[in-house]
Amino acid sequence: MQSIIIRQYRFLARYLEPEFVKDPALRNANARPREKLQRLSHIQFSELLTDVADELQRRINNDPKVRFLPPVDSYHPKRNHARQKLSSLAPTRLRDLCMDVFFEVQSRYSGALKEVSSNTPPNMTRAASQPPPQVQRLPASAPKHDLYSSANASSASLHPTEQRTTSSPTIPSYANRTHTDSPTSLSHRLPNVPDTNALNTVQANNSSTSSLSQGAQTGIDSSSNYLSRIEMLESSLAKSNSLLDSSKSEMEALKAKSISDATKHKNEIFQLEEKLHEASHEAEISIKKLNDAENRIKELENNPTLSFNPELEKNLKLMQELIVAESSKTQHIVELESCIDSLKAETERWKKVAINAKSAKIDEDIRLFTMTTVPMKSIRELISPNGFLDEQLYIRYFVEMNVFVASLRRDSPSQWMSTAKDIALTLEAIVSSLREKSLLEELPDLGKKVDDLCSFTNSLMEQVRLAVINGALLPIYHVDASACSISISLMDIAKTYGLTNTGKSSLSVGRNSLHPVDDLKALSVAKTLLSEKSKQFSETNQKLLDAISSDSSSSTIQQRVHEDINVIRDTLFDVSSPLELMRDRAAYAVIHNALQEMRRYCMQLIEQEGHGENFGFTDNNSVPPLTDLAFSAAKCFKDILRAIEDAEFSVQRTQFSTR
């Protein structure tokens, strides 16, 4: 182990030689913060020294195929993860780490390094009296702020534990260090190991220092633009989260208010009914007394001898007062009955208001993912006769993006690619139509926005591909940021150039409604729609087979394949819309498997379409010939129709058994 440490120490000494010549203050070992390295055990420090030397050698080799240190089976998984994260360090951050490790080796193994000290090149101890060497200019696409932030994030996750010697080594934090490098000292690549003529090269490159200052200023301006775009995306995400929170709080408040109002009205109605019952009982008693009094009055009128009785006069006055009192009670009872009727009407009105508000809140919003909403009212306002963007594709994108982001948080990484391909297919159709419009109308600004949309899409697909390969090591918020960039760019195009109404079927809106539907009705609608799409596909598929049999040109065959793909994609989108809300999930699963089979054939047709003139002669043996794909796709329509009929029978049998 001692010989390995000495060899790695010499390697670090050769790499740090130009840095010490450029700035002699870096050689002051006592001024460097190495407290975290001093707390490491010898085994942990030797692991850190090995990892830093391997990363330095990888950057010197500059192999584009090796973007990070490959994992070693004998190492702990945490250590392999830490070795991979070393590739995210900026060159200056790696240089500082190498210096700390270099001086820590001197401090720990001072006795064993006497031989190394005698063999150290003399220009390692030479003062920095000569001007600094010329370095490569920092590219505009790599801002300094982003480099430092990624370095801090990488170094913070590599702290080992003292008990587990196989864990990853600790890399100290350099967030509070004052860098003495000039703005031009940041280089995109790690400098190669210097030779014996390094100092002569330093003097020869001194004349180009002024030109590098101007290049550094350009890099700083580009970095500021990139930071401003990041801040814009962060503000959009924050605004979207606030909109979602306000929508949720509004729905909860409306629900709580409706429940409290219903409880209050129910209690009031119950109390009024009790009062009405008591008043009715009292009214019956009063009516009975009134009838007795009237009969007594009639008897007195018929018998004149009793008319001058003073007791009778007193009783008559009491009866008249009783009649007036009972009349007022009867009037009060009538008022109570009218009040009860009004309260019942008010309760029903509030119920309708709550139901309508909830329905409007669900139907008038298209959920992007979990962060923001796009009102349907704003989409309708963007529709114009001269619009460029297809409204159906615009809504389909947001629906598929919702499915994709939900899959990110629910499914495994292996299932992310299928939902991402749906988004890519929809965006490919959008980009094709927009490019055609930009060329016909000669709109360079639209072409630039379409290029940005393509770059964001490629970035999203690359991130998903890396996440699937590496087992979701990539943070999920990176994918969310790319998805948000695509949505913002697409909404900007829609606001600038408008939408065009292509007569979208009402069945496509089924994804936007969360109301429960009848399973038989949904299956009937899907069956009707599938029959229409099957006839349309039969016509386009027959044209494709005729073009293949007549040896037509590759462009003609490619156009026929593209027509088949469009019909299949529309079928997958429209047929699945009413079926996704079915209550019988077992019946829906059978249809879903048939739809997935059709989706697979659609992807194979797209792969065939991309080969251009080499139709039927692909390098991928897993893709069947074009004619077989055409017949298989036609068979999928029959399989889906048969699955829908089986689901109808299953649903009818279930409903009959529950009656």
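Including glycine, each Cβ sits where the backbone N, Cα and C put it.
Copied over from Swiss-Prot:
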COILED    237-303  coiled coil
COMPBIAS  116-128  compositional bias 'Polar residues'
COMPBIAS  158-187  compositional bias 'Polar residues'
COMPBIAS  194-220  compositional bias 'Polar residues'
MOD_RES   Ser129  phosphoserine
MOD_RES   Ser167  phosphoserine
MOD_RES   Ser168  phosphoserine
MOD_RES   Ser182  phosphoserine
MOD_RES   Thr184  phosphothreonine
MOD_RES   Ser242  phosphoserine
MOD_RES   Ser513  phosphoserine
MOD_RES   Ser555  phosphoserine
REGION    114-220  region 'Disordered'
Under DSSP, is Ser242 (phosphoserine) part of a helix or a strand, or is it coil?
helix
State the Cα to Cα distance, in Å, between Ser555 (phosphoserine) and Ser242 (phosphoserine), rounded to an integer.
50
Where Ser555 (phosphoserine) sits in the secondary structure, as DSSP reduces it to three classes:
helix
Confidence summary for the coiled coil (237-303), mean pLDDT rounded:
81
Mind giving me a neighbour count for Ser555 (phosphoserine)? Other Cβ atoms within 10 Å of its Cβ, every protein chain shown.
10
